[in-house]
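Below is one structure, written out as structure tokens; comments come after it.
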Amino acid sequence: MLMSVFAYGPAAIFLRKPERERLEAQTAPFDAKTAFFVAEPAEMYLKGKLIKKEGGKATVETITGKTLTVKEEDIHPMNPPKYDKIEDMAMMTHLNEPTVLYNLKERFASWMIYTYSGLFCVVVNPYKWLPVYDAQVVNAYRGKKRIEAPPHIFSISDNAYQFMLTDRENQSILITGESGAGKTVNTKRVIQYFATIAVTGGKKSEGSSGKIKGSLEDQIIAANPLLEAYGNAKTVRNDNSSRFGKFIRIHFGTSGKLSSADIETYLLEKSRVTFQLSAERSYHIFYQLMTGHKPELLEALLITTNPYDYHMISQGEVTVKSIDDIEEFIATDTAIDILGFSLEEKLGIYKLTGAVMHHGNMKFKQKQREEQAEPDGNEVADKIAYLMGLNSADMLKALCYPRVKVGNEMVTKGQTVPQVNNSVSALCKSVYEKMFLWMVIRINEMLATKQPRQFFIGVLDIAGFEIFDVSAVSELLKFLYKLWKVTCIFTCISQTIETIFISAVQQLGAALHQLHQ
């Protein structure tokens, strides 16, 4: 039974076609013999009226008044008006490229961004806030079957939750698409939904930082702003693009209450730490720290408020119109406290981040009459060494005269200036990656509880793909790895289905054999 739209409150107009519009579409005139979409270079497809078919050609009069003669395969039958803005495109009479695109376009024009297509939910990013995620909407979707409620990420989430409880099996939600499609936002909405409906009601405790540590639900939600600060950046198409993939497991007890969570990350884009295209930006955390919101941090990290003082993070843009770095830094800093990091750990994270920023300012020069590189001043190296707890002389020696293994012996190797610069870049990327992975490990430790875990729902958020003007080898490798991971997921699903099928056939055969005897 369909739910009343009143259950969704102000969100109703963004979720379902009004009843009056639905009734008008039922009685709208329509001639199935002449109603077609026709391919048109400027618009891709236009609605039109078929005039005639002759010799493998079709003549169509478009709604713009033009008459086009095209190949018969370039026209596609339209659906009756009652299918306009349909919630599940698998229910269409004619399912083809133009009917799918037209339906998505019409729904998007009414800000209905979620549409089903069989087992899938298609989301079109509105690039604006819509009031479809509040507590009233969460309650409206709770416990509802898919056919009972309009398309929504909450419906997908609730169905996974109900199937988990009913079938007593783990569930997974795969969120994929190009960069800027809205994957990260919808991943956060999935987590928000589970954190709301499966709340444990546990009390907040005092963390080692002396501040109140958040509840498990708060901590699961707080993991996102911290990981986004260190793993998201502006790309050509997306101001808040995830530059890593993540698989989040949300664990539940036998009664369906939240018990714990863990996060597995894939392929952080290390190259972005040291290089950005002109229309891009490095990771958000660098610019958050330089806002000056916490002046004591500027002093502790030995940094300024000017991003152009640091070459590695100022090769592209340094500000983003859609992002308030001060507001985001407050969210990041608060998330660290909610998750339960100690004050020492928190300062250590910031110090390593500052050290990474300083790496790009180290200068080296060639020794006279030699190819060997040597430091061109020690000031920057001293700052890095201080922030990382190292001896600057030892660090510079390791960069200029690295020890390598030759046979069974360790020997000192000379380095040219380009080689040392490459070593600095590699060190910088390695430090950032290891810090990121350490944070993920610590987050998982904090999200782990002693509560019994029976099932989990996994949410896979794969980093989006883009077409760059200049693509590095690392981008190609990342893209291939993503394809491989998705292939593995569906292969595993197929193998599981095959195993179940074979097992069922064997059991049926055994049962029939016993009956025959």
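Each residue, glycine too, has its Cβ placed from N, Cα and C.
Annotated features, as they stand in TrEMBL:
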DOMAIN    31-80  domain 'Myosin N-terminal SH3-like'
DOMAIN    84-517  domain 'Myosin motor'
BINDING   G177, E178, S179, G180, A181, G182, K183, T184  ATP binding site
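Here the features listed in TrEMBL are placed on the structure.
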{"residue": "G177", "record": "ATP binding site", "Cβ within 10 Å": "15"}
{"residue": "E178", "record": "ATP binding site", "Cβ within 10 Å": "13"}
{"residue": "S179", "record": "ATP binding site", "Cβ within 10 Å": "17"}
{"residue": "G180", "record": "ATP binding site", "Cβ within 10 Å": "18"}
{"residue": "A181", "record": "ATP binding site", "Cβ within 10 Å": "19"}
{"residue": "G182", "record": "ATP binding site", "Cβ within 10 Å": "19"}
{"residue": "K183", "record": "ATP binding site", "Cβ within 10 Å": "24"}
{"residue": "T184", "record": "ATP binding site", "Cβ within 10 Å": "23"}
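According to its DSSP assignment, A181 (ATP binding site) is coil.
Break the domain 'Myosin N-terminal SH3-like' (31-80) down by DSSP state and the numbers are 3 helix, 31 strand, 16 coil. Mean pLDDT across the domain 'Myosin N-terminal SH3-like' (31-80) comes to 92 in this model.
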